[in-house]
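What follows is a short report on a single structure.
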Amino acid sequence: VGWDQCLHCSPGAITGLSGNDGETLHRTKRGWMWNQFFLLEEYTGPDTQYVGKLHTDQDKGDGNLKYILTGDGAGSLFIIDENTGDIHAAKKLDREEKSLYVLRAKAIDRKTGRQVEPESEFIIKIHDINDNEPKFTKDMYTASIPEMSGVGTSVIQVTATDADDANYGNSAKVVYSILQGQPYFSVDPETGIIKTALPDMSRENREQYQVVIQAKDMGGQMGGLSGTTTVNITLTDVNDNPPRFPQSTYQFSSPESAPPGTPLGRIKANDPDLGENAEIEYSISNGDGSDMFDIITDKDTQEGIITVKKQLDFENKMLYTLRVEATNTHLDPRFLQLGPFKDTALVKISVEDIDEPPVFNRPSYLIEVDEDAKEGSIIGQVVAQDPDVTKNTIKYSVDRHTDLDRIFNIYSGNGSLFISKPLDREETPWHNITVIATEIRKKHRIPVFIRILDINDHAPEFAKYYETFVCENAKAGQTVSAVDKDEPPRGHKFFFELVPEFAVHPNFSIVDNKDNTAGIMTRRNGYSRSKTSTYLLPVIIFDNDYPIQSSTGTLTIRVCACDSRGNMQSCNAEALLLSAGLSTGALVAIFLCIIILLVLVVLFAALKRQRKKEPLIISKDDVRDNIVTYNDEGGGEEDTQAFDIGTLRNPEAREESKMRRDVIPETIFQIRRTTPLWENIDVQDFIHRRLKENDSDPAAPPYDSLATYAYEGNDSIANSLSSLESLTTDGNQDYDYLSDWGPRFKKLADMYGGEDSD
């Protein structure tokens, strides 16, 4: 069966082994005769594979011994014939799963059940065959390498493993080779390192490469198994290409009105590199328009944007030429020998003419004019011109929103400003107006500042109203100052003196302090309030400008009683409040107006008090019924709660005074008793008395009411025809006498004279 080695154990001892103490060791006698077993993997024969045979010299061949096998795979993978000791492999074995099996064997006497030999251990080794191909650690590899790398530059290392036994034959010896990717790359057959095989490979020409590597066992010999893997290799970019403009000349145009910063166009230099290696910086190297235009770099698109730097003027220059340069910002020193990494192009910019508004020769104007300048006087001129070639006519005007009072005007043809109304520096020292220059459809505005120069047209006057006092037995002192609305160039200088007629026998004198103030001093000792309680002292104030202006101000000095220390105790109540600077005639006129107003008020009040009510009944022949009017809504004809009309109509039947029945008084007042004097009394006097009683009645209602009384007297031959007296008359009245009054009373006689019919 192909034994590799056969060992026969015979009785006796094996010598040549020694222990640690130098003594010779003797092996005891063993009765085994056994073999060391080897077995090939992956057996595919029709029968079970014979492994070997166990035999002991105690076996006489009579069948009394029984062989038993235990250990790895006993009974499943390996089976033994218990009579003969033959061992067979029941299944196909794989060395890569298990290469060594350890088993134990023993022989037992069938009759006694005793072991005839001690249990012995043996091994079964599985011999390898080349049944596994090499396998790479990855199905696909990815690698990168900079472009322009030299030959032999390492890219990546691939690794393949073989599951076969590396110690048995060449089944596990792997050799690498390249199947795809030549002539650009190569692979080391032993290490699997992939390297570049060509110099100066350019990413711009080809960026991606796919390399197939094979790993083969059996040392690469024919019949060996192999495996493959794919390696994707990318060339990364380096800055090995300078920027290049696609054209040498560019044309752009711009209107002359384009403000600074206006973009005119874009130019771009092409760079086949990527990322920062393709970043470009644009600049203007030279040209006659380098100070008029600028170029900036768009970092996103790597374009150069040409913009206006200064205001253009078609009339001044119509065409500009620029030399634009594009330069890489990130240079690689390894490739500087390839040449300069920049390029230039010519840019021509033409300026387009537009209709521009007029242009003034100054940004603003300052004009000074005296405040006494006459109306129509020319105070200055503004000048504008058309910057275009056509040189159109300019018309001037004043923006009336800045001159609402129309103080100034302008000649539309030549721009001369003149005055339309008088000027007053004290009212408005500055005027800020706007002048408009118009050329066809274009306008331009310019500010004009007009300063009004002062002339001495205002007299100085007291700075405020001054009032002082002098003690009856003391001296007076008061300092006064003046102000002037004018503004002389050398400053104000005021002089003070008394009015000439007051300086003959003055009670007071004035002292100029030489600092635009003056002091008031007494000229005698002792003043009497009983004689003169108030002194009015006119003071003349002069200025020093030309022409000299002056005014008169009045100082009020009151005579007061003072204590021993000079402190004022009391003054007369007739303090005169005179405004400084008013003349005597004006003061007299003011006092007359006040007196007239007071007289009118007194007369109006007196007339109002004496006005009496006109009685409704003047003639005794007026026999109308009375009218009662009041604000509250009453209850009709039967409402007699407010006024007892019957009593009024018949004074003889008048009852004593009663409390008012239309309101409830909060306090009970004692009723005033009056003596009735109804005999020979006039109706008008009667009403006046009743009115007086109601005016003085504390129980009267708080609201206004109108009580109208009418009384026809006692001398009528017909007596009273009113039915109001029926309230105080007992029984029916006899109206038969109406028939004697004539035809005019026939209707009444028929109505009241007949007896009531049943």
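Glycine residues also receive a Cβ, built from the backbone N, Cα and C atoms like all the rest.
Note: TrEMBL annotation is automatic and uncurated.
Broken down by DSSP into helix, strand and coil, the domain 'Cadherin' (56-136) contains 0 helix, 37 strand, 44 coil. Sequence annotations record features per position, and here TrEMBL assigns domain 'Cadherin' to 56-136 (among others).
The domain 'Cadherin' annotation in TrEMBL covers 137-245 (among others).
Looking only at the domain 'Cadherin' (246-360), the predicted model's pLDDT averages out at 90. The annotation domain 'Cadherin' is assigned in TrEMBL to 246-360 (among others).
TrEMBL lists 361-462 (among others) with the feature domain 'Cadherin'.
Per TrEMBL, domain 'Cadherin' is recorded for 462-576 (among others).
Annotation comment: TrEMBL describes 575-607 as transmembrane segment.
DSSP places the residues of the domain 'Cadherin' (246-360) in helix, strand and coil in these numbers: 10 helix, 56 strand, 49 coil.
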